[in-house]
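Participant: The annotation domain 'Inner membrane protein YejM N-terminal' is assigned in TrEMBL to 12-258. Positions annotated as transmembrane segment by TrEMBL: 24-45, 57-80, 92-109, 141-158, 178-196. The domain 'Sulfatase N-terminal' annotation in TrEMBL covers 406-494.
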Amino acid sequence: MFWFKKSKFNGREYREETSRKISWGHWFAFFNIIIAILIGSRYAFLIDWPDTLLGKIYFFISLLGHFSFCVFALYLLVIFPLSFIIKNHRTFRGLTVIIATICTTLLLFDTEVFNRFNIHLSSIVWNLLVNPEKGDLSRDWQIFFAPMPIILLIQMLFSRWSWEKLRSLERQKWLKKVGLVLTSTFVATHLIYAWADAFLYRPITMQRSNFPLSYPMTARTFLEKQGFINAETYSQRLEQEGRLDALKIDYPKKDLQFDQVENKPNILVITVSGLRYDALTSEKMPKLFEFATSSTQFTNHYSSGNTNNAGLVGLFYGLNANYTDSILSNHTPSVLIKKLQDEKYQFVAYSSTAFKDSLFKQALFRNVKLPKVKASSPKEAINGVLSLLKEDKPWFAYVDLDIADQTEENYTKSLVEIDQQIDDTLASVSLENTIVIITAEHGTMFNKLDEKAQENYFGRDEIQVPFIVYWKDLPVQEVSKLTSHTDLLPALMSSIFKVKNPVSDYAQGRNLFELNGDPWVLASNFRWNVIIQPDGTQYHIDRKGNYKKFDRTYTEQSSSRPPLGLFLDVFKQERSFVNK
């Protein structure tokens, strides 16, 4: 190209021209910092706004620091080298204007992506929005490229004006002071976040993903080595209170309205942590198998996650497991438990692990007074709590059993004991006006993995679980359609308690008792969303837009054409209860 040809300038003229381009680049970068901050201020209206003064101050400090750094980094990495390579100043400024226009348009585009899906722009999100299969959606998003000519015009006008006025601008001394202030805000952004991360100050840590390309600094490991933080205590607090970047939850979205409930059935929920989908056979669990033959059995049922807390969130909140940390940190009560309290239900509960899972004490049963009994065996304890129930009032009973983290041989032996405990529990209550629900928080994988691999493992043995419902209003049958833990709460709220609100106001599942099944279900943890289809195919998408496909046997498959329409549905649902 002509601008790369050998210049006719002598050395002095070249240095002067290059110096002018560098000086102009500083002012052009400053102008784009202002534009980026103005556009970025829109995130203030899209994020979960902090409650504390320090949290609010941090937002504005990070707004200034983050976007000034991003723009200046782009200048240093791209524009600054071009000032030496491209000799013609008009070509140099023209290319710089084009780069700035594209980046500004993408930032504007990202604000709308964040507004709709609460995630930032990535390659997979880009493919979703420009996907030709979704013509209406693609046309909808094209409107956000309409300002591009206006942005280009503004950039061109400033480029020309600042070049012509460069001598005058170079005499201005205040730009260095502004640069110092912006640099200070960038440094302060990371130092303040590192402090908040170390001392679990959530009004700041919840802002981790406010802006695109934001990766705030942490100093947890350094502070642990220096003795300022106790690693064990820190981990325990995180487990109890949820991850630091958990957002506030808007649950339910609206106040729930109900019709008069005439018949209030008793509700017995039994969960067996670690119970696999293939454990329910006449050989392994004969008594439960016999009970299932007189009930409604959902044979293609999946938990909402691969941990106890994740499964419980699906069962009792009707939400995907990526809300677990938000529920823990905000102590969010379940709409089901609240309705049971309003209807004056009696509450009893037993846990073979003494309710060790943090969701019980932090949120689910936080405001429920559960009677305690002294017993020398699980059978005696279960019978003891159930004996406290009075026949003249409806009751809700929860029995939490556990057989997780065992070898295959010990697991098979434990199934016999669990089978007997469930049978004893069922024999202790009258089933005449009782809904019985038997399932598992999640399953068990016998081939043990390291901690990180286990966190992200979503094989059928881990998330496909038995699901049995005994209720006089449901037909005795096996339902092979795809169902999820998140479908239970809508079923109870609609079929039992006659809620008037649409399901979308308080849950993300469907009414399980309608027996229609789901086109897809979602299992999640804090990083991955796992879309499961009726044939067992899984699509994994993480928070950064990485994507994997697995078949029914959990063998990773190559996939050159991801189901973008399905991903879009997931993005819409995933953050539907985030408080904005």
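Every residue gets a Cβ built from N, Cα and C, even glycine.
Keep in mind that what you see is a predicted model, and the values were worked out from it rather than measured.
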Participant: Counting CB pairs under 8 Å, which listed stretch among 24-45, 57-80, 141-158, 178-196 touches the transmembrane segment (92-109) the most?
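Facilitator: Answer, by Cβ pair count: 141-158.
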Participant: When you scan the chain for residues with a C-beta under 8 Å from the transmembrane segment (141-158), skipping those not six or more beyond its ends, what do you find?
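Facilitator: Residues packing against the transmembrane segment (141-158) from afar: 28, 31-32, 97-98, 100-101, 104-105, 108-109, 112, 129-130.
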Participant: Sort out the residues at least 6 away from either end of the transmembrane segment (178-196), same chain, that have Cβ-Cβ distances under 8 Å to it, and list them.
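Facilitator: Result: 30, 33, 58, 61-62, 64-66, 68-69, 72, 202-205, 208, 216-219, 244.
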Participant: Sequence-remote contacts (6 or more beyond its ends) of the transmembrane segment (57-80), Cβ cut-off under 8 Å?
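Facilitator: Residues 22, 25-26, 28-29, 32-33, 36-37, 40-41, 43-44, 47, 50, 96, 99, 103, 181-183, 185-189, 192-193, 196, 203-204, 207, 210-211, 213-214, 216 contact the transmembrane segment (57-80) from elsewhere in the chain.
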Participant: DSSP-wise, what's the residue breakdown of the domain 'Sulfatase N-terminal' (406-494) into helix, strand and coil?
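Facilitator: The counts are 39 helix, 16 strand, 34 coil.
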Participant: As a test of reading the model: what is the averaged pLDDT for the domain 'Sulfatase N-terminal' (406-494)?
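Facilitator: That stretch averages a pLDDT of 92.
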